[in-house]
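Per TrEMBL, the features are as follows:
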- A:244-365: domain 'ABC3 transporter permease C-terminal' (DOMAIN)
- A:695-804: domain 'ABC3 transporter permease C-terminal' (DOMAIN)
- A:20-40: transmembrane segment (TRANSMEM)
- A:242-264: transmembrane segment (TRANSMEM)
- A:285-316: transmembrane segment (TRANSMEM)
- A:336-359: transmembrane segment (TRANSMEM)
- A:380-401: transmembrane segment (TRANSMEM)
- A:407-427: transmembrane segment (TRANSMEM)
- A:448-471: transmembrane segment (TRANSMEM)
- A:692-712: transmembrane segment (TRANSMEM)
- A:733-762: transmembrane segment (TRANSMEM)
- A:782-806: transmembrane segment (TRANSMEM)
Amino acid sequence: MYSVILKASAGHAKQHPWPVLWLILAVTAAAAGLSAVLILNNAALQDYQRQSSLIPLHADLKVAGTINSVEPMTVAQHRAFYSQIRAAGFREVVAFQRENTQLTVNGDALEVTVYAVDAAALASLVSDAVPDPLGLVSVIAVSQDIAARLSADTAIALTINDQTVSLPWVSLASTQDSHATVLLDLHAFAQLNIALQPNYVVFATEYKRDIVAFLADRQLQYTPYTAEDSPIAITRSFHMSLLAMSLVMFLVCFFIVINALNLFMAGRSRMLKIFRQMGIPRTVIVRLLQVELALYALIGAVIGIFLGQLTAFLLAPSIATTLNNLFGVPVSLGELLHFPIYVPIIAICILATLISASVPIKRLASQLSHITPSTESSLAVSKALFFSLLLAGIALIGILFAGQLSMVFATVAMLLLSGVACLYWLYPTIIRLLVNVSHRTGPLIHWTFSHANVIAVHSRLACAAFFIALATHIGMTTMVDSFRSATEDWLQHRLIAEHYYYGDTGALLTVKERLDNEGIRTQERYQMNLYWQHENGGFAAQTYSYPATTEYLNGLKVEKLLPDGLNQFRAHRGLFINQQLAYRHGLDVGDTLSIAVADKTMDLTVVGIHYDFGNPDTQVLLPLNLLLQTTWTYEQAMSQAVRVMAIHTQDNIALKQYLDELGLSHERLYSRARLLEVSLAAFDQTFVITDALNLVTLLVAVFSLITSILLITNQTQNISGVLRSIGVTRMQLIASLIGQYLIIALITALCALPFGLALAYVLVKKVNVVAFQWMFPLTVDWLAILFAMVTSLVIISLFTSASILLSQSGSLKEQIQCRE
Amino acid sequence: MIEVRNLVKNIASSHRQNAQKNGIAIIDNLELLIEQGQSASVQGASGCGKTTLLHLLSGLDHPCAGTLIVAKHAIHNYDETRLDYFRRHTIGIVFQQFHLLESLNVEDNIAFTARLAGNLDPHHINNLMQQLGIADMRNQRVTKLSGGEQQRVAIARALAHKPRVVFADEPTGNLDEHTSSAVSELLFSTCRALNTTLLLVTHSNDVAALADDAYHMTSGQLTKITPSLQKS
C-alpha cells in the first residue's frame, strides 16, 4: 500500500513539478539566509570569546572612579585599592589592562592590542595545580601572525603615547589566537615606566556580593564590565540586526512555503480522494504526505546550508571590515565551518515546513472525510481588521515603551503582522469598491475586478510575503537613506577646515608650530577621559576641546539647543554632549553636569545635544580653556590628548612639503573631500550586507508572487477559454488578466508604503536609539520608494504578461474544455 | 441559418504537417443545412467528432477544407479578429460544465454577453430570466445554485445578446433525468420563441427528439434520422 502511494506521489510530482520545486526553492532560500547569518554570527562570537579567553576570566565589574571625589583614580590609588582588596582575601580580583598600540618588529610597525595582566594572581585563580598557565611572568606571549615574523635575535618594541620601549624578554611564546595581540605580565609592564593608568580592574568571582560591599565601604564606584566593554556586548546590536534581517527573510520564505503547499495540496487533492475511494486510510495518506514534505524540506535545507556556507565565505571579509569600522572591534571570522549549527537549521526547516503544512493538511483531511471546509466570510474580513488594529495597538505600545532591543524587534514583528492582517482586510474591501464602481462600465472591466478577488484569496500568502518584503525594503531603505543623508549633512557641517591631520600629540604639535610660523591657521582638538557627576549618577566620558568661535559653533549639528546655548558655551558656562551620552544617561538640555577642579566643583549646563554618528562612545565638548581647568596641568593635558588638528588652508602641495621637511608621513593628512569620501565609503560598506539581504528577500517575494499568479493562471485557464468563446478578444483577455494581477500587486504595494514608513520611523526613532543611542531626522526619499515599488510591479507585470501571452498563444480549442 | 459544405477536419497527430495531409479525417466531406429558427440535434458515439463539429461551427477551430456559413458569416475565411466579432454578436454557446463566471452573480453572468456585444436589453434579459424561472435568483452567486439552475443561467447567458445561432454541447450531460428534461424543453422553447437556430450535441434520445431535425454522426459524416428512428 505504502509503495503504491509513494509511486503515485512521485509520478504526480514529476508531472506537476512547479509546486514541489517552488517549495524546495523557498526552503533553500530560508535556510541559506539563516545559515549564512548564523555561521557569521557564530564565527564572530567564537572569535570574541577567544579574545576574552586570553584572560580566562568572566569579567563582572570594573572600577571607574570614586564616589566622593570626581577625579579618576590615579595609578597610586589603583595600586592601593588592589593591595587592599587582595589583602582582604578576595583572590578572584585580578588587575588587567588593555591598550591598543603599536608594536615595532625590526623596524616594521604593527597595530596590536596589548593585554597586561597580573599573571601571578591569574595563575592562582585559574588553577592551583598549574601556576602561571601562560608563563607570563617570564615570557611574552604573542599571537600567531606576530610569532611568524620573529626569530631569536628580533628586536621588538612597544610604542604607547609617543614613548617607545624595547621589550626586554628573550623568551617568546605563541598563543592560539590569530589576532595581532601581545600578552604580558602587568607588573613587568609597569616596570617599563610607561605613563599609564591601569584602566581596568576586573573581577570574576562567586563572591561578587562581598566585593561590592567592600567597594561600598571604601566608597568606590564600580560599573558592570560586560555591559559596555566586551566585544560581544559592543557588537550585539549589529549581530542582532543581521539576525533580524535573516529572520525576516526566513519568514518571507515560509509564507512562500505555505503558498506553495496550498498549491501542492490543491494539485494532490484529486489523487488523494481517489486513494480514499480505494480504501486507503486517511491517516496513512496524511502521514505519507508529511514524510514527502519533510523530504522536500530536507533537500531544500541541505542545499540552503551549502549556499549559506558559500555566502558566509564571501561576506566574511566585508563583515570583519564593517565591525572594525563601526565598533572598532577586530574580528578575523576565520573559522567558518560550523557543523553543529547545521543540524538545528535542518530541524528548524523541516519543523517549520510541517507546521506550515498543518493547516492545508488539516483542510485536506477534512475533504477526505467529506467534511466541508470553512469558506471565507464577511466575518473573516472583519476579523482581519480587528487583528490588524489589535496588533497595531500592541506595536504602538512597543514604540512608546520598549526599552530593550529584543522588545523593539518584537514591536517591528507586530507592526509587520498588523500590516498583513490589514492587507487581508483591504483586498476584499477595495475590490468590492472597485466592483461596485465598475458595474456601469464594460462587462470585462467589471469581471476583471470581480475575478481579482478570487485571485487575491488564492494568492494571499504570496501577497503577504511580498508585502513583508516590500515594507521591510521601504523601511530599511528609508532608514539607511535618512542615516546617510544625516551623516553626510553632519560631516559637511562638522568638517570646517580644508585639511585635517591625524596623529599623536608630538607630531601634531610639531606640525602646528611649523604652520603657525607659515601663518596658516590651525585648530587642534584635545581629548581627556573625565569623570562627570549628574543627579542621575556619575559616568566617565570622552571630553574634547571645541573652539567657541562662530565658525565652529555653526558647524556643530545639534538635535537640541538652549535658546542662549551658544552664548553660555562662549561664556564658559555650558557644554555640549553627544546623543550617545544623552540617551545612555538620560540627560537633556538644561541639565547640570559637575566636575572636580582642584579643590572645588565646577557646574556646567548642558546647552546642546549634538549629533555624533558612528561613535560608540559618550562625548562632552568644552571650550579649550575650560577643559584645561579640569585637568591637573597643561602638560598633562597635552601628553594625554591631541588626536586631530584642523588646518585652514587649501594649499595641499605646500602642506605635503612641510610634512616632508618635518619627516612626517602624508598618509595621515586628509583633505576635506577625501575625508568625506572615506567616511561615506565606510558608511556604505556598513550597510552593504543588510541591503543585500533586503534586496534578495524582496526579489524572492516578487518571484513567489509571480509563480503563485502563474499557477493560478494555469488553474483558471478554462475561464479564459470560456471568455474567448463568447467573443472576448485575445488582447482584451490578456489586458484583463494582467490588470487583475496588477490590482493585487498594487494594493499590496500601496499597503506596504505606510507600514514601510512606520517601520522606518521605528528603526530611526527606536532601534537606533536603543542599539546605538543616536537618532536622526527621518527623511523620506519618495523617488527611491517609488522606484522600488514600480520596479517590483514592472517585474511582476513583465513576467506575468510573458506567461499569459504564452498561455494564450495556443489553439483556442485546446484552451476550452467544454467537457470534463 | 447554418450551411456546411464539404467540410473536412483531420485530427492532428504527433507530426502536425503529416496530420494535415495524411492524418485521420474526423470530419470527412460533411454536409449540413439548418434553416433560421430551426433546431437540430447531433448524436453519435464518443469520439466521432460531434464536439469538433461544434468547435468548427463556432469558430473555435479551423477546418482543413470546406465551406462554413453561419448566419450569413462565411467563417471558414475569417481571421481571428473577425471570428471574435462573430462569436461576440452572432452565436451563443451552452457548455456541459456550464462554465459560468463564478465571481459574478446570476444577473451579471446573464448580461455579460449582451453588454460585451453592446446590445444590452434589460427587458429581454428580464423576460429570459422569467421564462427560465431564475428571476428570483438574480442577485445570487452562481456557485450557490444547483446544477439545473446553473444550466438555466448558462442558457440565458447564451441567449442574452439575441444571437442568431446557439450551439449546445451536451447541455444536460451533468443533470439528472427530471432536470434534464425541464432544461431541454426550456432551451428549445426559448430558442423557438426568439427565432434562434439551435444546434445541439447530445447522447440523450429524449433530448434529441425535441429538435426539428435529428442527425447521427458516423465516419465523419452526418446522417439524418427519420422521425420513426428518432422516436425509437
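Every residue, even glycine, has its Cβ placed from backbone N, Cα and C.
Spatially, the transmembrane segment (A:336-359) is not adjacent to the transmembrane segment (A:692-712); fewer than three Cβ-Cβ distances between them are under 8 Å for residues at least 6 apart in sequence.
Contact between the transmembrane segment (A:242-264) and the transmembrane segment (A:733-762) does not hold: fewer than three of their C-beta pairs are under 8 Å, each pair 6 or more apart in sequence. Averaged over the domain 'ABC3 transporter permease C-terminal' (A:244-365), the predicted model has a pLDDT of 80. Secondary structure of the domain 'ABC3 transporter permease C-terminal' (A:695-804) per DSSP, as helix, strand and coil residue counts: 96 helix, 0 strand, 14 coil.
Relative to the transmembrane segment (A:692-712), the listed stretch A:448-471 leads the set A:448-471, A:733-762, A:782-806 in CB pairs under 8 A. Highlighted: of the candidate stretches A:380-401, A:448-471, A:733-762, A:733-762 has the greatest count of Cβ pairs under 8 Å to the transmembrane segment (A:782-806). Across the domain 'ABC3 transporter permease C-terminal' (A:244-365), DSSP assigns 107 helix, 0 strand, 15 coil.
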